[in-house]
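Some features that TrEMBL has for this protein:
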DOMAIN    49-298  domain 'G-protein coupled receptors family 1 profile'
TRANSMEM  33-59  transmembrane segment
TRANSMEM  66-89  transmembrane segment
TRANSMEM  109-128  transmembrane segment
TRANSMEM  148-172  transmembrane segment
TRANSMEM  207-234  transmembrane segment
TRANSMEM  246-269  transmembrane segment
TRANSMEM  281-300  transmembrane segment
Amino acid sequence: MPCEGCMERDNESTDATMEFLLLGFSELFCLRVFLFLIFLIVHLVTLAGNVMIFVAVVMEPSRPPMLFFLCQLSVIELCYTLVIVPKALLSLIVVDGSTISFIGCAAQMHFFVALGGAECFLLVAMSYDRYVAICQPLHYIAVMNEGLCFRLAVACCLGSFAVALGLTVAVFRLPFCQSHQINHFFCDVPAVLHLACTQSYTPELPLLAACVLLLLLPFLLILTSYVCIAAALLHVTSSLGRSKAFSTCFSHLAITLLHYGCATFIYIRPKSSYSPAQDKMVSLVYTNITPLLYPLIYSLRNKEIRGALRKMFRRKRGAQLN
């Protein structure tokens, strides 16, 4: 039985007219202007950094597998921030929060989960690339060919979009209470589930299944790759060889820890422990700071990206001189 005050939705009228109110950071009224400027600057820098990496890789005539995956990662991050940040900025401008339609909220959740899941799968593909490069260096070119890289990229997107669609449909089939105020700056899964009029844990099962498929399974695959890499490095006698191999994995490890650390905190926990204030702060890092750090980490640590960026700037400078 739904709780008192719940509204049973029918597909003819309610779904088309229902709206959610994103409260955002309405409790921080005095900091609205400051937060808006910070969000805007971070958003613009993130877009610029990912666009630079994307253009540099596209202009590179010969693209190694890692550059190909980094290009896809930049595209995912670009779409990821464009799905979340504009609505978050709008919620800071509007005094009482911004409204979002039922379909708009479902679409935002779907794309957010799908892009986040695609990033999880892509991190698995990148860990496999590092495994082959370190553990099977003589077969690297033959194994990590363009065809395999393309198939891995397509599989990452299709798999994550399929899981995200199932999760979104399961969440938005639930009955919601009369209060449609989402205490968040976007339609995140825990925040929307908190509005569901049900006393059981059944609505959390699709989220649990999605977490297993998008978080736990990829993490175990990444962990397996690095266990094999560590075992292979134990047989390397040269300390220089070990440090060189580790340096090629550092950027990937840093991004993996950032991505999975925040995602695990938000999604792998029961509904009873939901805390809007904590979720908003972690989501703020997850959706704004980490996408900003990704291009910085890779541009500073990855030799191939640095080379591609230098070539791009040389071409630009040469074109200006001509």
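Glycine is no exception: its Cβ is also placed from the backbone N, Cα and C atoms.
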Range from 33-59, 148-172, 281-300 with most C-beta pairs under 8 A to the transmembrane segment (207-234): 148-172
The transmembrane segment (246-269) and the transmembrane segment (281-300) contact flag, 3+ Cβ pairs under 8 angstroms: yes
Long-range environment of the transmembrane segment (33-59) - Cβ separation under 8 angstroms, sequence gap at least 6: 25, 67-68, 70-71, 74-75, 77-78, 81, 85, 88-89, 92-93, 288-289, 291-292, 294-296, 298-299, 305, 308-309, 311-312, 315
